[in-house]
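Notes for the one structure printed next.
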Amino acid sequence: MSPLNTDPRSVDPKELDKRISYDEIQDRWSFKDDNDHYEYNTVLNKWISMDNIDSSNHQESLIELKKRKLQQMKEEKLAKKKQRINTGVYVSNLPLDCDSVELNQLFSKYGVISQDLLTNKPRIKRYVNSNGQFKGDALIVYLKPESVDLAIQMLDDAPIRVGDNSNRIKVEKAQFKPENDTDDTSTPKERRVLDDKERELVKKRLRQLNSRIENWQGDDDNNVNLKWQKTMVLKRAFTLDELKEDPEVLQDIEEDIMEECGKFGKVEKIIVFDLEEEGVVLVRFTEPDSTTKCIEKMDGRYFAGQKLSATRYNGEHFNKSHDNNSSTQLATDSHEPDDNERLQHFIATS
């Protein structure tokens, strides 16, 4: 008798031996004649005699079935561990004098950083060499996976310190080694059993972390990170020669950019930096999605004979002359003083 590892619904009864039938209730194939009774075991991939329920074949079937089930459960558990959600970012090219406090202040703007539930310290690991000296790379673990994407979007290839473009950091998703992926010579780490006091402390801090997640709106800079997301940096929108020839062209530049950018959403503010050789204009929308769409369309596009560069704002400082009143603000009626300090921090103002 041949194995029957096939869907019973696809089998033509006319092609079967008349002694073979399929029991829909028991979900199994059966073979019966005047002398023998067999059932097909899909685990062992063979026919098992049912004449003696305590036969060695039947016992072998049960033992093998249990082994297979246990193995399947182990594999499923292992697969779940491998699919663990990644909430860590790996940061490299950091200044050698950068400490955990500075990293915490910067990266907490984009999400709640996880904490060691026993020490209550943020999960920030600075990697050191054999001499204990910082190597310039670190691991930051967030509580939410969404924070990983936001941190990468806002900080990758950005200066860690505003105004210092000499140190642009690299931010990427952390790559974790699976727990079972160890060397043959390595010794598995035993987890320390927590006592009652430690367990209560862990529960308390978990509640505190969950509360922080619910109430999180950024660090002390409040919604600076959100305003960065809503702001586009447009370069090569004009040349300094154009401005020298006709200072009034600034108004035309603003109007042209307003018309084009307004196609992607409501524009909140436009500022032309007339002292920047790269012809920099900042455009802030009321919604981050509008900024994203505008960047996709404007980057690489030609404007007044020049190829534009459109990126999201990441904290750079641009220069503007004091007598340049070119600052269109649409979402507020307040009047702000026109100086470089205001321009440096205009993203954080309302």
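Keep in mind that glycine also has a Cβ here, set from the backbone N, Cα and C atoms.
Checked against TrEMBL, the range among 28-55, 56-83, 112-139 recorded as coiled coil is 56-83. Mean pLDDT across the domain 'RRM' (87-176) comes to 87 in this model.
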